[in-house]
């Protein structure tokens with residue numbers, strides 16, 4: 001278009017002649033007709049411009065005072081080309097934006113799959129308390145014997161956490177987490193027909209093994225988030241999903257505890273585990289963690305630690321912070337499972353509750369879910385380290401109310417509030433691990449912290465059951481107060497987090 005316009009404006013010797021009508025010039029030049037330029041070229045102009053051909057044609061000769069003379073109206077249009085006009089900025093969707101949106105969508109789908117995994121873990125742990133009185137009746141066992149459920153389950157957790165380190169290196173993230181969920185399919189299949197007590201207990205070992213694998217892998221994966229993915233918030237919501245599973249499980253298991261076919265509850269658990277296994281397989285496609293993180297635009301930082309497989313155990317177990325967090329996790333998980341597992345029995349026998357007392361456990365796990373999601377802002381405002389001290393001290397005060405005030409309603413409300421206060425503690429501990437431990441060892445470290453912590457889910461409830469068989473279930477509350485006091489002491493020794501860019 002510029003070349004054709006230049007041809008029409010070709011000057012004669014000694015005389016400047018305009019060969020084309022003024023209206024044609026105005027219509028043919030995009031610079032002089034901005035409306036046409038915007039509609040035809042569909043691109044925003046941030047300034048006005050003349051085509052090079054027309055500029056050259058209209059440029060004054062250096063040796064002459066003469067130039068091309070245009071009619072006054074056209075000359076006015078040309079002069080206005082240099083007048084600043086408002087800038088119109090139109091956001092253009094580039095391939096980079098499209099890739100960013102796709103990676104964010106994929107990251108959200110991955111996170112949903114991991115949350116479903118934690119929901120299943122909570123569902124598994126939240127069902128034991130309401131079913132415990134029925135298991136005692138069906139198998140005719142006392143407090144000490146039925147507590148073997150917690151002990152064997154814990155052995156499964158520890159086994160899974162130890163093997164998680166080598167399985168992660170050899171199989172990778174995608175295969176290991178699916179293996180963990182698939183183990184639950186075997187465990188629930190054994191428990192659903194209500195087999196003899198020894199076989200029933202073996203199911204808890206297999207379930208503990210599977211949940212240890214999937215818990216370590218999911219927490220380790222989210223711990224590698226950074227930047228716009230907000231790892232602290234996502235870790236809170238991940239473990240809030242655990243609380244949600246533990247919240248809904250008692251609602252269902254309390255009803256099944258009153259049915260003749262009470263063990264069919266585990267068929268529902270089997271269906272949930274199957275959907276979880278399929279979901280994880282479809283989303284992560286058995287890939288390694290590095291590949292999955294690269295798909296969403298994240299890469300693991302090089303922290304200088306050796307990735308030699310033979311050194312992994314030695315590297316992990318020589319870290320002092322790992323052992324401090326592991327013992328803290330042991331006491332915390334033991335306290336949580338002790339409350340969830342024995343509080344129903346306490347309410348029935350000490351506070352005179354009826355068969356529906358299983359819903360008290362629902363209130364406790366509902367509190368955990370709410371606390372993990374709703375107290376994120378307070379964690380940031382106070383600082384996560386300070387927040388833990390505050391939460392545990394307040395929880396001790398509520399336990400004293402449950403212990404010393406003989407009120408059914410007061411106990412029920414206090415138990416729910418204890419859940420709210422205890423809820424944020426575990427995600428904060430995982431966030432602390434993310435900040436103070438090497439990133440190359442993070443999944444293995446978190447696996448050990450979580451797995452060793454699960455020994456608390458056996459030792460402390462088993463100890464509670466053994467003491468209750470001698471002193472009565474009323475001894476539950478002083479034991480819980482002692483456990484929480486130990487949490488305060490251990491947390492004081494955990495190293496402070498180094499500055500970390502999320």
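Every residue, even glycine, has its Cβ placed from backbone N, Cα and C.
Checking the ranges 173-191, 287-305 against TrEMBL, the transmembrane segment annotation falls on 173-191. Transmembrane segment is the annotation TrEMBL gives to one range among 79-98, 359-378, and that range is 359-378. Taking TrEMBL as the reference, the stretch among 44-63, 104-123 described by the feature transmembrane segment is residues 104-123. The recorded stretches the transmembrane segment (263-284) and the transmembrane segment (104-123) share 3+ CB pairs below 8 A when only pairs 6 or more apart in sequence are counted, and are therefore in contact. Between the transmembrane segment (237-257) and the transmembrane segment (411-429) there are 3 or more Cβ pairs closer than 8 Å, counting only residues 6 or more apart in sequence, so the two stretches are in contact. Among residues of the same chain six or more beyond the transmembrane segment (173-191), those with a C-beta under 8 A of the stretch's C-beta atoms are 117, 120, 124, 160, 164, 167, 199-200, 202-207, 209-215, 217-218, 220-221, 263, 266-267, 269-270, 273-274, 276-277, 280-281, 284-289, 292, 443.
For the transmembrane segment (359-378), the residues of the chain that approach it from at least six positions outside its boundaries are 122, 126, 129-130, 232-233, 236-237, 239-240, 242-244, 246-247, 249-251, 254, 336, 339-340, 343-344, 347, 353, 387, 411-412, 415-424, 426-427, judged by C-beta separation under 8 angstroms.
Here the transmembrane segment (475-494) touches the transmembrane segment (387-405). Their Cβ atoms form 3 or more pairs under 8 Å, with each pair 6 or more residues apart.
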